[in-house]
Amino acid sequence: MDTETKKRIDQLLNDHKIVLFMKGNKTMPMCGFSNTATQILNTLNIKYFTYDILEDENIRKAIKEYSSWPTIPQLYINREFIGGADIMLELFETGELQAQVEALLAT
C-alpha cells in the first residue's frame with residue numbers, strides 16, 4: 001500500500017468514530033454482506049460513516065492490507081478494526097457490538 005493511500009485511510013478513521021468500508025453506501029448497498037452490515041448498524045440507531053470502496057480502486061485494495069482482512073465490508077470503531085459482516089452479526093447477537101458502541105458514545 002502506498003503512503004498516500006494509507007494516509008487517506010488514517011484520515012477517514014480519524015475523522016469518523018464509526019466507519020464502514022463497504023460496497024455501495026448505506027442507502028444502496030451493492031452486495032448482501034454490505035447490506036447485512038448496514039442493517040445491523042441501522043438497528044443500533046447510531047451515526048456512522050460509510051466509504052464506498054467500489055468508487056476507489058486504491059482504497060479497495062489497500063483496506064484489505066491495512067486490516068489484514070481479505071473481505072469487504074469492514075467495520076472500524078474508534079480506529080479499531082472490528083470485522084466483517086459475519087463478525088458484526090455475531091457481536092450484535094451477543095450484545096458485544098452494542099456494548100462497544102455504547103462505550104464509544106460515553107466518551
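Every residue gets a Cβ built from N, Cα and C, even glycine.
Annotated glutathione-binding residues in Swiss-Prot are LYS23, ALA85, ASP86, and among ARG8, ARG60 the one listed with them is ARG60. Secondary structure of the domain 'Glutaredoxin' (6-107) per DSSP, as helix, strand and coil residue counts: 57 helix, 21 strand, 24 coil. On a Cα basis, LYS23 (glutathione binding site) lies 6 Å away from CYS31 ([2Fe-2S] cluster binding site). Around ASP86 (glutathione binding site), the C-beta neighbours below 8 angstroms that are at least 6 residues distant in the chain are PHE33. ARG60 (glutathione binding site) is surrounded by 16 other CB atoms, counting those within 10 A of its CB over all protein chains shown. Each of the binding-site residues CYS31, ALA85 was assessed for Cβ neighbours inside 10 Å, and the highest tally belongs to ALA85.
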